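Engineer: Below, the features straight out of Swiss-Prot:
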- 4-235: domain 'ABC transporter' (DOMAIN)
- Gly37, Pro38, Ser39, Gly40, Cys41, Gly42, Lys43, Ser44: ATP binding site (BINDING)
Amino acid sequence: MAGLKLQAVTKSWDGKTQVIKPLTLDVADGEFIVMVGPSGCGKSTLLRMVAGLERVTEGDICINDQRVTEMEPKDRGIAMVFQNYALYPHMSVEENMAWGLKIRGMGKQQIAERVKEAARILELDGLLKRRPRELSGGQRQRVAMGRAIVRDPAVFLFDEPLSNLDAKLRVQMRLELQQLHRRLKTTSLYVTHDQVEAMTLAQRVMVMNGGVAEQIGTPVEVYEKPASLFVASFIGSPAMNLLTGRVNNEGTHFELDGGIALPLNGGYRQYAGRKMTLGIRPEHIALSSQAEGGVPLVMDTLEILGADNLAHGRWGEQKLVVRLAHQERPTAGSTLWLHLPENQLHLFDGETGQRV
């Protein structure tokens with residue numbers, strides 16, 4: 001068991017352009033951290049820096065309070081699971097799982113014990129003599145995980161391990177990963193572009209954008225209190241509604257085009273007259289009526305999802321999505337009267353994009 005610390009680490013490809021801006025992260029012993037963000041945000045590069053596969057330009061990486069910044073990957077006490085299973089096709093499941101231990105010179109008896117225990121944990125007991133071609137995608141990924149488990153690492157590193165699986169199998173493997181972490185309690189750093197994976201697997205999420213950690217927090221914190229416009233737009237499906245407008249002179253209402261004024265929860269007089277962005281999750285918008293002071297929205301389209309529905313409409317040039325109960329099925333062109341609860345509104349600075 002070990003903690004992991006990244007202390008102001010940076011990465012530059014040409015010595016000038018930083019692809020990882022100074023980033024600090026403290027992962028507690030046994031904690032499961034998920035790095036999530038769009039392609040090119042730097043999450044896989046950062047993971048490879050922790051693994052020792054990419055050189056750290058500046059800063060330090062420590063595992064179990066030991067500085068490993070210049071240490072060879074094999075000496076860091078890490079095990080990595082990749083998107084591609086990278087199994088040897090001519091070897092059995094048992095041989096694939098044992099191979100890394102053999103080349104390290106571990107004794108046969110100890111190897112056999114470790115492989116047997118990993119196979120038991122991953123329910124691969126009956127598959128040990130099979131070759132990779134005889135396995136399903138999920139079974140191959142289990143073998144790849146088993147190969148990492150037998151090493152008994154201080155830290156697990158996962159680089160989008162579920163990306164090659166179909167949707168149904170990804171759900172199953174997410175559950176298995178959760179159960180595996182509860183059993184092993186090994187410090188883990190996991191990379192994905194899939195926010196569902198991030199929200200369901202993580203104890204804490206690090207949302208990355210352009211080489212910067214936009215926000216680090218629990219899945220609930222990141223969802224309920226996004227620190228920036230980027231986090232608000234990236235986390236959530238569908239994404240948070242983001243509406244541009246201005247805070248009125250009294251700081252009590254948010255004014256949109258078309259004379260719509262939404263009451264704000266608390267005083268925002270210091271932002272009076274400033275261009276801001278207001279956010280609200282689709283599920284936090286309630287149906288109301290004209291008599292109750294509801295705000296009108298002309299509906300463009302309706303997505304029927306089964307458990308619920310998504311109504312898409314516009315206020316002028318600004319789009320709005322409302323999550324409705326499954327029995328609510330308004331037709332295109334109809335007017336919905338909406339209530340936007342003050343305590344569910346998020347306000348972001350129009351210039352910096354940061355939460356206020």
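The backbone N, Cα and C atoms fix where each Cβ goes, and this holds for glycine too.
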Engineer: Far apart in sequence but close in space: which same-chain residues, 6 or more away, have a Cβ under 8 Å from Lys43 (ATP binding site)?
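Structural biologist: Expected: Met35, Val36, Gly37, Val191, His193, Met208.
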Engineer: For the ATP site (Gly37, Pro38, Ser39, Gly40, Cys41, Gly42, Lys43, Ser44), what does the 8 A shell look like? I mean other same-chain residues with CB within 8 A of the CB centroid.
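Structural biologist: After dropping the recorded site residues, what remains is Thr45, His193, Met208, Asn209.
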Engineer: Ten-angstrom check, please: count other Cβ atoms within 10 Å of the Cβ of Gly42 (ATP binding site), all chains counted.
Structural biologist: 22
Engineer: How many other Cβ atoms sit within 10 Å of the Cβ of Pro38 (ATP binding site)?
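Structural biologist: Its Cβ has 12 other Cβ atoms within 10 Å.
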Engineer: Can you give me the same-chain residues 6 or more apart in sequence from Ser39 (ATP binding site) with a CB-CB distance under 8 Å?
Structural biologist: His193
Engineer: If you count, for each of the binding-site residues Gly37, Gly40, the other Cβ atoms lying within 10 Å of its Cβ, which residue has the minimum?
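Structural biologist: Comparing Cβ neighbour counts within 10 Å for the binding-site residues Gly37, Gly40 gives Gly40.
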Engineer: For Ser39 (ATP binding site), name the DSSP secondary structure in the helix/strand/coil scheme.
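Structural biologist: In three-state terms, Ser39 (ATP binding site) counts as coil.
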Engineer: Hey, of the binding-site residues listed (Cys41, Ser44), which one tops the CB count within 10 A?
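Structural biologist: Of Cys41, Ser44, the one with the most crowded Cβ is Cys41.
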